[in-house]
């Protein structure tokens, strides 16, 4: 069966968590099978443990093989809030600043298409814990009136949003909402929520698992309160845009999936489904410097040959500015030629001085001087020719090295994408 975009493989009665390594963390456009998998996950209770049942809210948890953090699922009913309103509240970035008391920062990075976007989100944590931040891809689907509205999100990398100082980059493996109209109430809806996250850092898993089923109802309560006040708040805003419903109102820039590729350059083998995730980071440590060839001046001609192949060696940053670079060697050649020219000029001056003194100058000496001058000119021409040849060779080597360095990033980017795609399981 085809696996979903969120590193899970779902079946109607069970699912397997098989891989969450960086090599697989990349953006992908969600399709119908992903949303069908989400619905099966929230509707099926096999393997889940009921942790809390209060009023119209139920909280379930279940362990995930290969991970220390449990997955959580919530079922609740909003008797006086429609599914459309809740869907808008979950999407509206301006309104989230009003009702989300934990949010420290939020930014819309860009859209992949009209139903998929990428954003940055930072949230506070109780002291002395550091705040957490995420880079998330969201995918949504609205099946129309009296239908279902679904929202999926998960962590992805982005080249312009690396981990920040002062924040811990957390990981969301899957976060999903399914909203359905309540058949027993014209104004109510049923909300089903599922999430599996890793807060990273030093938080003990047992503590996270213990408080998970208590934080869920609090989140649902805040969401319901926000939904009740959304309509009146929206009317007071300078615009009524809802780009998640009307694509023509989108103002975010369009971004490429290639911007959301992980920076890992070494392909990783998938660990067993029952393995521990703690061993994965040890396998992910890329060591490109051990595979780098020496970047001496004598090795530079090999770069031109290697650029025609599949793999381009990575040059160390320090080695690029060493005295062995072609530009420095060319400067050495020019310095030698200047010394040669100066020596020739000194010899010419001595010969001219002898020719100007008639007492010291003799016919035989004049002939020898004339011969010596011709030989010097001949040597000067030969030296100039050799200098030009050496300068041309040095310039050619410098151009080859600069071309190789200019193509390095593009080559590595393409290789990273191909290697990442080889290890993907959707």
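Placed from the backbone N, Cα and C atoms, the Cβ positions cover glycine too.
Under the heading compositional bias 'Low complexity', TrEMBL lists 281-297 (among others).
Residues or ranges marked as compositional bias 'Basic and acidic residues' by TrEMBL: 342-389 (among others).
Residues annotated as compositional bias 'Low complexity' in TrEMBL: 392-404 (among others).
For 405-415 (among others), the entry in TrEMBL reads compositional bias 'Basic and acidic residues'.
Feature annotation from TrEMBL assigns domain 'START' to 19-232.
The region 'Disordered' annotation in TrEMBL covers 272-304 (among others).
Per TrEMBL, the feature region 'Disordered' maps to 342-426 (among others).
Per-residue pLDDT, averaged over the domain 'START' (19-232), rounds to 91.
DSSP labels the residues of the compositional bias 'Basic and acidic residues' (405-415) in these numbers: 11 helix, 0 strand, 0 coil. Note on the compositional bias 'Low complexity' (392-404): DSSP counts are 13 helix, 0 strand, 0 coil.
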